[in-house]
Structures are given as structure tokens and as C-alpha cells.
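Take a look at this one; I'll ask things after.
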């Protein structure tokens with residue numbers, strides 16, 4: 001046994017000599033070997049027959065040279081034991097080939113599972129780093145939690161961090177954490193079992209969870225998070241050391257293999273005190289991930305709010321002055337001795353850099369966060385340069401727990417018609433960024449301008465947009481986020497500074513109108529936020545609450561009219577009677593206004609009424625008077641209807657006119673003039689429905705107007721008079737224009753108007769000119785001149801003389 005020990009030590013001494021270990025260390029080892037008469041200790045790890053004491057020795061001899069120190073390894077003989085000043089290792093430096101690796105088979109078909117991971121669970125390859133950093137963070141969390149009751153777990157070092165190193169030339173990424181680590185059996189259970197009962201059970205569990213609306217929490221159950229490393233790696237090596245074990249094990253797997261190996265780590269250079277070191281050998285097409293700048297960018301995007309520090313090895317540099325000897329030949333020419341000059345050089349070095357400096361302020365108490373901190377967080381997270389209009393920081397508890405901060409940007413970047421997806425909501429799970437690619441899962445389309453972060457502990461780490469669509473938790477989160485967003489906007493509208501909400505409405509008013517069209521559930525929250533012009537607002541926007549407050553006691557409905565401009569709406573003939581009664585009318589000049597209000601139907605139990613449509617009830621009808629007028633003009637109405645034919649549905653006596661002779665109103669369930677104009681402008685509009693809706697118009701006449709009275713006489717005396725019929729045609733087409741409709745034949749209408757103007761003004765001024773001289777001379781003009789030529793008298797310039805006086 002002693003002879004075997006000597007041979008082992010001699011081999012170790014030779015290895016140490018090749019490693020440039022000092023001769024004094026080797027002699028000390030030999031002396032210790034000769035003097036040793038203590039029987040070897042039982043083998044606890046390493047190769048059979050190699051005592052633990054010798055393994056410590058070999059670890060010392062194989063210690064690498066440290067920069068800035070000598071090659072002599074400090075050794076000390078104490079009580080027959082050789083103790084070295086190297087703390088990283090306690091295992092023997094025996095070649096790993098002496099210990100064959102154990103081969104294990106996966107419990108599921110790897111190829112099928114990898115295809116599922118790539119095409120179903122993950123939308124892009126770069127999430128591999130997010131998953132692996134999340135696993136490292138979980139390992140650190142577990143160690144911190146267990147160390148509360150067992151402080152001995154931190155004996156190898158209290159520091160808890162994650163360190164990432166890259167080799168861009170060879171395409172290697174190394175991720176090291178000082179977490180809880182794994183034993184050999186834990187390696188088999190955690191990494192060898194992709195799906196605990198095969199891929200079939202994995203797929204079945206995924207399908208059942210989606211059908212039941214449950215969470216697909218597959219990360220911890222199936223180890224999918226770790227296997228995302230094979231998205232970019234052709235080989236993965238996991239070296240781990242648990243504080244519960246004195247051995248370090250290495251797990252190694254290939255992307256295209258159905259098995260993996262586990263062996264004990266015997267290389268002192270690769271030993272770690274505690275935790276896990278993950279080495280990824282990237283595929284040829286994915287070696288771009290090994291650039292330090294790329295890793296730094298991915299960490300900032302996905303893992304900047306992880307609760308443990310993440311360090312990356314970055315190349316840095318500093319400038320310094322160095323002395324440069326002057327050329328002796330030049331110095332001899334000058335006749336002086338050579339002088340030393342200096343120049344500035346850049347000294348490069350590698351150093352660890354903290355990658356996650358920004359703190360997740362949503363985890364703090366809102367009362368402890370200042371407005372400046374919110375603004376700074378908003379600008380840094382969303383790359384903005386202006387402070388937000390408003391922010392909302394809240395925590396939701398109960399059935400679903402999550403924390404969130406929402407912001408309303410000061411300016412709009414995306415138009416409401418932009419079909420591109422916004423990336424304004426960043427979803428985090430346990431402070432790990434999951435995604436910002438949402439299409440209505442967390443916020444409806446009309447609130448897509450709201451920016452913010454949402455952090456939930458109830459969602460799985462492997463959520464994708466497809467899984468989010470089926471998640472019950474996400475549906476609950478959506479309702480609460482929408483409610484908080486409306487509360488935040490309502491706070492802007494109630495601000496003492498009216499300009500704040502005017503600026504908000506200028507940027508996002510169309511979004512809220514879209515919400516009135518699409519989101520029936522939130523009509524009560526959207527309606528108070530809408531703003532419109534009115535007939536009494538002096539070109540200022542008012543809210544529906546302000547309109548209701550200004551309503552007359554006898555007024556029952558909210559009146560509105562839609563037009564293509566504010567001027568057209570104000571001067572429309574439909575307002576004449578309402579203006580007389582001092583009823584306020586909302587003026588809709590935006591194409592979305594009318595559609596939005598039609599979807600709201602009512603506000604505070606008061607219906608919205610379009611004054612450009614039939615059956616307008618102003619609440620002051622005199623039935624007896626109306627009956628008399630209808631009897632008097634019934635023949636005239638029939639005569640007008642026969643003349644217009646299918647152009648109108650019927651002819652009625654109007655109760656909305658005062659100064660205009662007639663008006664053309666839309667049917668109660670038909671399109672208004674403004675809506676017809678918008679539908680005609682649609683390139684894909686349905687012309688058949690357009691023709692049908694256009695035919696549903698009602699021609700209303702004002703019996704108090706002189707034109708209508710004259711036509712009434714013509715109807716009774718000579719209904720076939722061409723002049724009367726022509727006047728009726730012009731009257732109808734003119735009413736179309738004043739009511740907001742477009743005439744079918746503008747050229748024909750122009751011809752009729754020109755003809756009537758010619759008849760009206762023909763000879764009117766010419767008859768007056770014939771009754772007077774061609775060149776009449778007013779009586780107060782100058783005296784009549786004779787036919788004889790006049791001579792001009794030349795007058796010298798004198799102060800009192802009149803210049804230009806004629807003789």
C-alpha cells in the first residue's frame with residue numbers, strides 16, 4: 001500500500017514538474033512520502049486506491065500559476081498532513097479517462113421534444129438566455145431560503161451572483177451561479193427527465209391544461225427551461241457542486257443524441273466551491289450569441305430586474321502615458337543627448353461588469369417612490385425623452401396577484417390606423433422579462449398607447465403569446481389593467497390644469513372613440529372621457545357631463561348633428577328651432593364621432609338624438625295646430641311627392657325649421673348625410689346597400705315660408721305649370737345641398753339655377769338704363785361747356801392763386 005502511494009506521488013511530482021512547480025515543493029512532497037507511515041484513509045471520492053490526503057496533495061501540485069506570484073506553491077507539513085494554500089479544490093487531479101462516464105438514456109424522445117420546444121413553446125431563439133438565467137436565479141433563491149435554517153450551506157462563500165463569460169472566437173458561453181447546485185441523483189431527476197412519463201404525457205398535459213383554461217406550468221415539471229439551451233447549442237455541459245455533497249459532477253448532452261452522460265469532475269481547473277457552471281457550445285449559425293455586446297443586450301432586455309446581480313466579462317481599456325526613447329540619429333543631428341518622450345496608449349483589460357443596475361421600482365411601496373423616480377424609470381425602460389402625462393402604480397391581490405406601473409406617454413408615436421403591433425406592455429414573471437409581443441391579450445387595441453410593466457408570480461416562465469390567449473389568469477389581469485388605465489386617464493381629465501387633458505385628447509381622443517365602438521363592457525368608463533364641440537361652447541370641447549349640466553329642465557334628450565366641418569354644422573338648417581329654444585347641440589366633425597355615439601346609445605338615462613333624422617320630438621307639439629296645417633298642405637305634400645317620386649320616402653310638415661323653406665332629413669334607421677358621405681368615400685363600400693339607404697329620405701317643408709306658400713297656391717290653381725315644377729325641382733336639390741347631401745347631377749342643377757336667374761334679372765337693369773340719358777350729368781356738376789375750344793390761361797404761381805383755375 002505504501003509502495004503504491006510512493007508511485008502515485010512520484011507520478012504527481014513529475015506532473016508538477018511539467019506544470020513548472022518549484023523544486024522545493026517537490027522535495028517537500030518526497031520527504032512527506034518517505035516519512036509517512038500512517039495508513040491511508042478510506043477513499044471518499046476520486047479513483048479507487050488513492051487516499052484523500054494524496055488527492056489534496058495532487059490538487060496543490062496541479063495548482064495553476066497565478067499572475068503576479070511566484071511559481072512556488074506554499075506548503076506546510078503539520079501533523080503528518082500536507083496542507084496547501086489553495087481552497088478551490090479538494091479532489092485528485094486524476095485524468096477523467098480513469099473514471100468512465102456513466103451513460104443514461106432519456107425518458108422521452110428527444111427529437112420530438114426539441115421540435116416541440118422550438119416550434120411551440122418559444123417564438124425566438126434568444127429566450128434561451130432568459131430561461132437559463134431564470135434557472136440560475138431560482139437556484140440562488142433556493143439557497144438563500146434554505147440558508148436561513150441551515151447557515152452551513154453558505155460556508156463556501158456568502159456571495160450570491162450570476163456570472164456570464166463568452167468566447168466569441170470559439171462560440172462558447174459559460175453561465176456560472178453560486179446557488180444550491182445539484183447532487184448526482186438530482187442531475188438525473190432534473191435534467192435526465194424531460195417529460196416524467198414520456199413525450200406522450202408531456203403533450204397530453206399541455207393539451208389538457210389549455211382545454212381546461214389552466215396554467216401550462218411546464219418549466220419546473222418537465223425541465224423545459226433548461227432544454228431551451230439546445231435552441232442554440234450543439235452540446236451542453238453542466239458542472240455542478242451541491243453543498244450537501246463533497247463531489248462535483250458533470251452532465252453532458254448532445255442536441256442530436258438520445259442519451260447523456262454523468263461523470264465526476266476531477267480537473268482542479270474546473271472545480272467550483274458551490275453552484276452550477278453551464279457551458280454552451282453554440283451551433284455554427286448561432287455563434288453570434290457569443291459576442292459580449294449581444295449578451296449584454298439580451299440581459300438588459302430580459303433579465304435586468306432579476307433580484308441577484310448578473311456580471312458579464314467585458315473588455316475595457318484606459319489611457320496612460322508611456323515613455324518612448326528618442327531616435328539617437330536625430331539626437332546626434334541636434335547635438336544633444338537622447339531625450340525620452342511620452343505617448344498615449346490604450347491599455348486593454350477584461351473585467352466583470354454589472355448588467356442589471358436598474359431596480360424594479362414596482363416592487364416598492366408607491367408612497368416611497370417619487371415622481372422623479374417614476375419619470376426616470378419610464379424614460380430608461382421605454383427609451384423616451386419626455387416625462388409621461390400620468391402614471392399609475394398599483395398592486396392587485398386576491399384571485400390573481402401582480403404588480404404593475406402604467407404610463408400615459410406625452411406624445412403619440414403610432415397612429416390608430418397602424419396595423420403594426422405595439423410593444424408598450426412588458427410582461428415579467430418573477431422579475432424576468434417574458435414578452436412584449438401582445439395583440440390584445442393584456443390590453444385592448446384602443447388602449448395600445450398605454451405603456452407599462454406587469455409582473456406576476458402566478459404565470460409560468462415559459463408563457464408565449466399563444467398560451468396567453470388561453471390563460472384564465474391573463475383574462476383576469478386584463479380586466480384589472482383596463483380598469484386601472486381608465487382610472488389613470490380619468491385623473492388627467494379631473495386635473496385642475498385643463499390643458500393636460502386637452503393635450504391628451506389631441507393625441508389619444510380617436511383611441512377612446514374606437515373603444516366606444518369596440519368595447520361595450522366599458523362604455524360607462526369611456527363615455528365620461530369623450531369630448532365634443534357644441535353649438536354653445538365657443539369652439540371649445542366639452543364633456544358629456546358638462547352637456548347634461550347645461551340641459552334645459554324640459555329637455556329630455558341629448559341632441560347632436562354630424563357634418564364635415566364645424567362651420568357646416570353650426571349653419572345647418574336643422575338647428576334653427578333648437579337654437580330658438582336655446583337647446584345645446586353637440587357638433588360632430590370627426591368621422592368617428594357619429595359611429596361612437598351610436599354605439600353608446602345613451603348617457604345617464606338620456607338618449608342621443610340625431611336632429612338630422614325624421615320624427616324629431618322637441619316636446620312642444622300643438623296637435624290641433626299641426627292637424628290644421630296638415631289638412632291645409634296635404635294636397636301640396638302629395639303634389640311634391642308625385643313630382644319627386646322615389647327620390648324621397650315621403651313629404652312632411654317640418655317642426656324644426658324657422659327661416660329655411662325646406663330640409664331633407666334621413667330616415668330614422670337610415671344613414672345621415674354625414675354617414676352617407678363617409679360610406680361613399682369607402683373604396684370597398686357596398687353600392688347596393690348605399691342605394692337602398694339613400695332612398696330613405698324625408699322631404700320636410702316649412703309652411704310659414706313664402707316659397708312654400710307660393711307653391712301651395714300653384715298646386716291648387718295650376719299644378720302642371722312648368723315654372724312651378726321647375727321651381728320645385730330646384731328647391732329640392734338646393735335642400736339636398738343645405739342638408740349635407742350631394743345632388744345626383746350638379747351640372748343639371750346649375751343649369752336650372754342659371755335659367756331661373758336669367759328669367760329673374762333679364763331686362764331688370766336694362767329697362768332702367770333706357771329711361772335715363774346715356775351720360776346723365778348731375779345738377780351739381782360743373783357748368784355745361786360750349787362746343788368752342790377753350791383756351792387755358794397761364795397763371796404765374798402766386799400764394800393766393802388757385803392752381804389749375806380755368807378761364
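Keep in mind that glycine also has a Cβ here, set from the backbone N, Cα and C atoms.
From TrEMBL, for reference:
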- 30-50: region 'Disordered' (REGION)
- 124-286: domain 'Histidine kinase/HSP90-like ATPase' (DOMAIN)
- 131, 135, 177, 182, 197, 198, 221, 222, 223, 224, 225, 226, 276, 465: ATP binding site (BINDING)
- 764-807: region 'Disordered' (REGION)
Could you tally the C-beta atoms, other than its own, that fall within 10 angstroms of the C-beta of residue 131 (ATP binding site)?
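Result for residue 131 (ATP binding site): 23 other Cβ atoms within 10 Å.
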Measuring CB to CB from residue 276 (ATP binding site), give everything in the same chain under 8 Å that is also at least six residues away in sequence.
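Expected: 136, 139, 176, 177, 179, 181, 182, 238, 239, 240, 241.
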Need one number: mean pLDDT over the domain 'Histidine kinase/HSP90-like ATPase' (124-286).
80
Starting from the Cβ of residue 177 (ATP binding site), draw a 10 Å sphere and report how many other Cβ atoms land inside it.
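For residue 177 (ATP binding site), the 10 Å Cβ neighbour count is 29.
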Let's check the environment of residue 225 (ATP binding site): how many other CB atoms sit within 10 Å of its CB?
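Residue 225 (ATP binding site) is surrounded by 23 other Cβ atoms within 10 Å.
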